[in-house]
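Heads up, the thing below is written out as structure tokens.
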Amino acid sequence: MDDDAGDGAASGGTKRKVTAASSSAAAKGKAAGKGKAASKASALATAKESSLLKQKSPAEFFAENKNIAGFDNPGKSLYTTMRELVENALDSAESISELPDIEIIIEEITKSKFNTMIGLVDRQRIDEELYDDFESAKAREKRLAKEARFQETQAKNAALGKKVKEAPAARGKGRGEAAFFRVTCKDNGRGMPHDDIPNMLGRVLSGTKYGLRQTRGKFGLGAKMALIWSKMSTGLPIEIKSSMKGQNFISFCRLDIDIHKNVPHVHLHEKRENKDRWHGAELQVIIEGNWTTHRVRIIFSFFLFSEIESWNCTVEKITSYLLQSKILHYMRQMAVITPYAQFLFRFLSDSPDKNLTIQFARRTDVMPPIPLQTKHHPSAVDLLLIKRLISETTKQNLLQFLQHEFVNISKSHAEREMGPDFSAKTTVKSLTSQQLVRIHQLFRQAKFDDPSGNVFEGHPFIVEAGISIGGKDVKHGLNIFRYANRIPLLFEQGADVITRTALKRINWSSYKINQQQDKIGVFVSIVSTKIPFKGTGKEYIGDDITEIASAVQSALKQCCLQLKSKIVKKLQARERQDRKRNLNRYIPDVARAIMETLGEIADESPPKRPRYDKEDEELLEKVNSEEVTEMTFRDCLTQHVEQVDYEMALEYAMQSGVSEEPREALYLNSLEGSYKFIDFQSPVFVFRFIP
């Protein structure tokens, strides 16, 4: 029994051991299960975190940040849409040396008409107080009283000859009086290839203006932003008609943009008959806008008011409607910058009082030459650009690549620059990353000649400036007109380099100009292959680029010096006129006094001894016989004053070395054969030396 008991005990112990082992295995299994669950949870968490990483297309980015492209609000969006379409039209016509002929139509679409277009049925309002334009009886009474007081004040100011202010615009709580507009722009430019139209207008940051060339457009964004704004505000597509020179068909395309994918969504793309052999492009877009806010900017920031075809309203309504003080301001800006273009502007509305048609006639047939594409300057390139140029080049070895793809690198310069690290016959495609970095470092450290003109960051630029004094309808003080690549810059004037230079860096008094009292016109145009705009809206150039600020200051100073010489001459001429006027004022009194004195002498009895010479005796005899009268002396004195004034003016002209008459080159022709010669030029003549 004991054995059995021992065996039983042993067996019992064995069972207990097995049970313990099973428990341990179960515990391990549970731990393993928990570990797997934990790892699964961790993987899910990681997946969830990774799913938080999102990407945005360029179209989506600009749709969410439309203000950086000039689409801040409905009013500004309408202005920017038209501006971008007009600038594209000008670039297109100029690219084929065609005098621009552009037609712009802005058609106001009422809310009910817009709802009909999209198939939406109007319904009556249930609760008026829920709407933004609701006005209670008390608020209306208060507003009318305020308007009456304002009109009374304006009437008093007008009676006293004081300046009359513009009536304040009504302010709503929400987006104001935004409406819908169909904007159409038609040109006679190059047109667009049939197959490229969807991508040219339906894909953000795609365009034909990339490269080192002076153009108005630069970012491949303007017309696409109008399409994005149309999709955001109305949901309607854009319509395009286009035909290139020599084509017997017109491409018609109706499309919008997939903002999330940045790809065009084509509704219709077909070819139509071109009976008139027209070439160019016509774009039509329907957007939300505000005509009242920016109507003056829209009409007159682009054109010269030269011919009114038809006004459908009275002169009084025109004056109040178009805010006359601003009209001339914007007329003159584009009059200076695009005198070779012709525009036809129309505003159409259901209200006959608003309908407007204005033609802005071409004032010259001379166009500026087409800007040519230039090469990159070595100091303005980076590693990415070097790699891209290598991938696109057709040159085989390094020496040819450096000479062909960059400006101001001659063969000898390239051989010296490469040094022992490179061979002239090194294949461009075989360059390693280290060698590319070395080339980039050499570009940054080596000394290269600058391109023609002024330079910033390796990009050439030219500053054109002009200064005027006086004029009609010009306010006193500085009137600044800013341009960049033939674009009028109308916004953010206070932060612009041109404004700050004119206000802070020019000592106007040293040039005989009174900054406060004189009517000063300052015109500055900056042209370059790269305009450093602050933002894609192309509204102003910052004051943080020293090279541009210095060039603007230098150009304005040169204009001031030329103007100072004119002002000084005008002041001296005025002094001569004053002196002449003063002398002429005393001529009658002097002539009378002389005549009286001679008459008294002539009436005296003849002296025993002659006191006068023969000429004096003859004069006295003529006085007695009334052959010489007071009028004779007046005429003589007047002629003498004229002669003295002429001699003084001639002496001044000889001393200053400046003549107002046009000068022509004068050459002495050789009697024998042709020779090499050297021209010596001066402000007065040209001397040709023939050795």
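A Cβ is built for glycine as well, from the same backbone N, Cα and C atoms used for every other residue.
Just so you know, TrEMBL annotations never went through curation; they're auto-generated.
In TrEMBL this protein carries:
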REGION    1-36  region 'Disordered'
COMPBIAS  20-36  compositional bias 'Low complexity'
BINDING   N88, D187, T208, K209, G217, K218, F219, G220, L221, G222, A223, K224, K538  ATP binding site
DOMAIN    453-579  domain 'DNA topoisomerase VI subunit B transducer'
* Structure fact -> Taking DSSP helix as H, G and I and strand as E and B, the domain 'DNA topoisomerase VI subunit B transducer' (453-579) has 49 helix, 36 strand, 42 coil
* Taking the Cβ of L221 (ATP binding site) as the centre, count every other Cβ atom within 10 Å, in any protein chain shown. => 24
* Asked: Cβ-Cβ under 8 Å from A223 (ATP binding site), same chain, 6 or more residues apart: which ones?
  -> E84, L85, N88, L201, L283
* How does the model score the domain 'DNA topoisomerase VI subunit B transducer' (453-579) in terms of mean pLDDT? -> 88
* Asked: Within 10 Å of the Cβ of N88 (ATP binding site), how many other Cβ atoms are there?
  -> 24
